[in-house]
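Undergrad: Taken from Swiss-Prot, the feature disulfide bond applies to 31-81, 40-64, 56-77. Swiss-Prot lists 31-81 with the feature domain 'BPTI/Kunitz inhibitor'. The annotation signal peptide is assigned in Swiss-Prot to 1-24.
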């Protein structure tokens with residue numbers, strides 16, 4: 001392979017690495033949990049990571065219990081699960 005072809009291949013691989021989202025094997029297991037409103041009724045907006053949608057989605061949280069796939073802000077959710 002010529003040096004130009006090798007350089008092109010290296011550039012394409014680098015671009016692919018940058019644009020590829022975090023794979024599920026690198027994502028914490030709690031990010032795969034379903035949204036859980038919890039048993040309380042102090043309803044507030046929260047965010048959870050949706051493995052099906054591959055993004056963080058807002059949902060209504062009851063204010064207690066639930067599970068670890070529950071974040072106060074979109075930024076917290078994306079930092080933990082959707083990087």
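Using N, Cα and C of the backbone, Cβ positions are placed for all residues, glycine too.
Source: prediction; values computed, not measured.
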Undergrad: Under a three-state reduction of DSSP output, how is residue 56 (disulfide bond) classified: helix, strand, or coil?
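TA: Looking at the DSSP assignment, residue 56 (disulfide bond) belongs to a strand.
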Undergrad: Out of 40, 81, which has the highest number of nearby Cβ atoms, where nearby means within 10 Å of its Cβ, if these are the disulfide-bonded residues?
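TA: When each Cβ's neighbours within 10 Å are tallied, 81 leads.
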Undergrad: Tell me, which disulfide-bonded residues from 40, 64, 81 are within 10 Å of residue 56 (disulfide bond) if we use the C-alpha atoms?
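TA: Of everything listed, what lies within 10 Å of residue 56 (disulfide bond) (Cα to Cα) is 81.
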Undergrad: Sort the disulfide-bonded residues 31, 40, 64 by C-alpha distance from residue 77 (disulfide bond) and give me just the closest.
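TA: Considering only the listed disulfide-bonded residues, the nearest one is 31.
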Undergrad: Provide, as an integer number of angstrom, the distance between the C-alpha atoms of residue 31 (disulfide bond) and residue 40 (disulfide bond).
TA: 22
Undergrad: By a simple count, how many Cβ atoms lie within 10 Å of the Cβ of residue 77 (disulfide bond), its own Cβ left out?
TA: 23
Undergrad: DSSP secondary structure for residue 40 (disulfide bond), reduced to helix/strand/coil, please.
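TA: The three-state answer is coil.
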Undergrad: Among the disulfide-bonded residues 31, 64, which residue has the fewest other Cβ atoms within 10 Å of its own Cβ?
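TA: With the disulfide-bonded residues 31, 64, fewest surrounding Cβ atoms within 10 Å: 64.
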Undergrad: Where does residue 64 (disulfide bond) sit in the DSSP three-state scheme?
TA: coil
Undergrad: I'd like the number of other C-beta atoms within 10 A of the C-beta of residue 56 (disulfide bond), please.
TA: 23
